[in-house]
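Peer 1: Dumping the structure here so I can ask a few things about it.
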Amino acid sequence: MGRKWTYCVVYTIIQIQFFRGVWEELFNVGDDVYALPGSDINLTCQTKEKNFLVQMQWSKVTDKNDMIALYHPQYGLYCGQEHACESQVAATETEKGVTNWTLYLRNISSALGGKYECIFTLYPEGIKTTVYNLIVEPYTQDEHNYTIEIETNRTLEIPCFQNTSSEIPPRFTFSWLVEKDGVEEVLFTHHHHVNNSTSFKGRIRLGGDYRLHLSPVQIQDDGRTFSCHLTVNPLKAWKMSTTVKVFAKPEILMTVENSTMDVLGERVFTCLLKNVFPKANITWFIDGRFLQGNEEGIYITNEEKNCSSGFWELKSVLTRMHSGPSQSNNMTAWCMALSPGPRNKMWNTSSQPITVSFDSVIAPTKHLPTVTGSTLGTQPFSDAGVSPTGYLATPSVTIVDENGLTPDATPQTSNSSMTTKDGNYLEASSGTDAKNSSRAAASSKSGSWPFPFTSPPEWHSLPGTSTGPQEPDSPVSWIPSEVHTSAPLDASLAPHDTIISTTTEFPNVLTTANGTTKIDHGPITSIIVNQPSDGMSWPVLVAALLFFCTLLFGLGVRKWYRYQNEIMERPPPFKPPPPPIKYTYIQEPIGCDLCCHEMEVL
């Protein structure tokens, strides 16, 4: 009897320990699991066996726990639904003694969403529970697009959270990306700078509230889209895209290419617009009047150049032809540029007005010389085959060949002509500019400059042009420089001759590039030349004065040189020797001091 009670006590103690371990429950809340509709997902929980595994099961948490599958080491698998257990769950054990209990969910839908419970019954640890929250939703991305307009060399600050209606959870990841021309780069990934591009080196940083700072803004930043990707969970993300538009305020410069009138009575104004972005429009004003395209005697050409720095450089050239005495002798011109700025602002940049005078322009003459690029000489007018579309000029004219012509080259224009109507203005045709057309019209089949000259012409090559001879079919542009010319009639004229113009009826002549002419009738002006009585021209006087001054300067230098030679060759002056120095020897007496009167003598 005593032995029986002993067994009962031992058995009771064992049962108490067993039920105490079973009743002790370890509850572990798992992470949220996100899945797209129609996808497959596996839910896995694991445990490390210490003493004894009683059983494990998967259940879906509803109003009551619906058992999905149950596993017992001795009895095997049991599934609550009429499906094969092998396709729903699997129990595996690794080499390290870890047991994995996996639930397979295939082609899931929103109805399968909810909480799933994994239960391990262990002895003596007790019950270990892990709960997974399965969220089945489609992928959504809340995207917002913004545009920021800014000037160059400014600081740009782009927020990541801008007008966000939903509350941002504490657990999220973000990244900054930049995209241009279809190429996307990563700048930052959750506080880590991962972009080493030279275009952003030293210009980009991350500020508070995950703001992106870009300083200074450059032209290359125009059109770039900076995106902040905020990932709340695998099925929901926010994207804030900001496109940058960059503007630059242009610099305007207006110049007059020729400070003196050329042979055809032209004035050329150049308006140069630098550091332009985006493109701008250049308009011209003459005497306060807005020019709308080409008008009578006025021609405008525009050029565009895209610099390597990204800026645009615009150039507008206005050519004014002084066609007759009816026009004003004075003209004030300036250019104005209208360029867009940030926030629908328009920048109005104007140049300084420039006033020029046409007092030196003479009306067209009856017989006009032909103009070529050869040397200048004296040639009388001919009565036929000459185009009357030239203009006389003052004796201070310079010709510069923009295409780098040498004095021996003959410029020609192809497919161009020039005609005069009523003797007042020029009309260009066949696609060449006004300047080349007027030169082509003033040239004939053979001839040279018919004016005597005091100095040979100076030919300049503009940057980017060759110094070789011009091709026969290439157009030629001319810019006046320094050459002395005058107009002969039946004899050569000096530059100081007085020219008086009169008007007569003479047929207009249309000269084409191939030398053919077409005659139209209209009033043409003729000239009368009066020789001055003194017969001395101002260039001779200037040369004489220069010669006289040079002679005086040479005589002065010669005299100074002779004086220096005389000083160098002259013997040194005699100086008598200095008188000899007398030394007085004073001997002190032995045994006594000097007397007072002797001391006074000394």
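Backbone N, Cα and C define each Cβ position, glycine as well.
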Peer 1: Quick test of reading the record: Swiss-Prot lists a disulfide for Cys335. Which of Cys228, Cys271 is on the other end?
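Peer 2: Of the listed candidates, Swiss-Prot names Cys271 as the partner.
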Peer 1: Quick test of reading the record: Swiss-Prot lists a disulfide for Cys118. Which of Cys8, Cys45, Cys160, Cys228 is on the other end?
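Peer 2: Here Swiss-Prot pairs Cys118 in a disulfide with Cys45.
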Peer 1: Can you tell which of the glycosylation sites Asn42, Asn145, Asn153, Asn196, Asn281 lies nearest to Asn100 (N-linked glycosylation site) in space, using Cα positions?
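Peer 2: Answer for the nearest of the glycosylation sites: Asn42.
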Peer 1: Hey, how far is Asn145 (N-linked glycosylation site) from Asn42 (N-linked glycosylation site), Cα to Cα, in Å?
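Peer 2: A Cα-Cα distance of 37 Å.
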Peer 1: For the domain 'Ig-like C2-type' (250-355), what are the DSSP-based totals of helix, strand and coil residues?
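Peer 2: Each residue of the domain 'Ig-like C2-type' (250-355) counted once, the result is 0 helix, 66 strand, 40 coil.
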Peer 1: Per 10 Å Cβ neighbour count, which of the glycosylation sites Asn196, Asn330 ranks highest?
Peer 2: Asn330
Peer 1: Around Asn153 (N-linked glycosylation site), how many other C-beta atoms are within 10 angstroms of its C-beta?
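Peer 2: Around Asn153 (N-linked glycosylation site), other Cβ atoms within 10 Å: 10.
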Peer 1: For the C-alpha pair, I'd like the distance in angstrom between Asn196 (N-linked glycosylation site) and Asn153 (N-linked glycosylation site), rounded off.
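Peer 2: Here the two Cα atoms are 21 Å apart.
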Peer 1: Whose Cβ, among the glycosylation sites Asn281, Asn348, has more other Cβ atoms within 10 Å than any of the rest?
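Peer 2: Compared across Asn281, Asn348, the most Cβ atoms within 10 Å surround Asn281.
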